[in-house]
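Peer 1: Okay, handing you the structure first.
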Amino acid sequence: MLSKGNVKTHIVDWLKGLKNPTTLDSYAKPTLLRPPPLIILPQEHNPNIIKAHIPDLTRSYQALPNGLKDVLENNRTWANTKSLREIKFFENLNDKGQEPKLFWIGCSDSRVVPETITQLGFGQIFVHRNIANQFNANDFNCMSELEFAVHNIKVEHIIVCGHTKCVGVMSACNDHLRPNLKAWLSDIRRVKDKHPELFPDHVTEANMSQSEKDKLHRKLVEINVSNQVSKIASHEVVQEAWRDKKRKLAIHGWIFNMKNGYLEDIGITIGR
C-alpha cells in the first residue's frame, strides 16, 4: 500500500524506470498541426460538441498548401461526423455494391452538383459530367459510362441536365476558343445554322435587356439538352436495351434554374 505522502514519488520513480518514457509522452499527447476542429452533432447525441483529432495520414501533408490541407481536414471531419451519426455507414458502404436507378449526364460547372441539388445519397445516382452536358459517341469516357449504366447497373432513367447561365453554352460560338474546347462544343455551334435568331449580332445584343438575353440563352440551353437526349435515344447501347420488351429505360431532359434552385422538366422524355 502506498501512503498519500509517497504516491507522487512512486509515480516519478516509475516513469524514470521506463526505457523510453518520451515515447509514452508522445503517444499520450499527439501533436496536432492546428487546433482540432469542432464537430457539432445532432441534438440526440450527448455531449453535443466533440473535438475531432485529425491524423496526418500522408507523408507530404506538411508540404501541402493551406487550401489542400483544408480539403483533407474537411474530409476527416466529415468522416468522423458520419461515423458518429451512423456507426455502420462506412462498413455498409464498403460491403454493399451500388444499385442506382438514375444515370445523370450533366455539366461540369461547380455550381451544379447533382448529389447536392437532388439530395440523393451514396449509391443512388450514377454521374457523368462534362462541359455543357454533351453526349459524344466518340468520347470513350462518356460511352463507357453509358454502357456501364445501361447494361451493368441497369438504370431505369437517364437524365440530361443543363442549367441556366451555362458558360459553355454561352461561349460556344466564340471564335477565340481554344481548339479542344471549340471542337467539344461544335454540336452547340451547329445550332446557329438552324436557329440564327438565338445568336444576335453585337449591335442587336447591345440594345437588348438582360431579361431578353436570358430568354435567348434559356432557349439555347433547352435546345442543347433536347439534342443530347435525341442522340442518346438513337444510340445502339440504348436501342439494344429497348429491344428487351420488359426493360424499363427512359431518357429525360431537365434544366437546373440557378435563380431559384429548382430542377425543371422541360417536357422531353423518350422511352418507357
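Note that Cβ sites are derived from N, Cα and C of the backbone, with glycine treated the same way.
Relevant sequence annotations retrieved from TrEMBL are reproduced here:
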- Cys107, Asp109, His163, Cys166: Zn(2+) binding site (BINDING)
Peer 1: Can you give me the residues near the recorded Zn(2+) site, meaning same chain, not Cys107, Asp109, His163, Cys166 themselves, Cβ no more than 8 Å from the center of the site's Cβ atoms?
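Peer 2: Leaving out the recorded residues gives Gly106, Ser108, Arg111, Val112, Ala132, Asn133, Gly162, Thr164, Lys165, Val167, Gly168, Val169, Phe256.
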Peer 1: By a simple count of other Cβ atoms within 10 Å, which of Asp109, His163, the binding-site residues in the record, is least packed?
Peer 2: Asp109
Peer 1: Under 8 Å between C-beta atoms and at least six apart in sequence, can you list the same-chain neighbours of Cys166 (Zn(2+) binding site), or say none if there are none?
Peer 2: Cys107, Asp109, Ala132, His217, Val221
Peer 1: For Cys107 (Zn(2+) binding site), what is the secondary structure state per DSSP, taken as helix, strand or coil?
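Peer 2: The residue in question, Cys107 (Zn(2+) binding site), is strand (DSSP, three-state).
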Peer 1: Across all chains shown, how many C-beta atoms besides its own are within 10 angstroms of the C-beta of Cys107 (Zn(2+) binding site)?
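Peer 2: A 10 Å sphere around the Cβ of Cys107 (Zn(2+) binding site) contains 25 other Cβ atoms.
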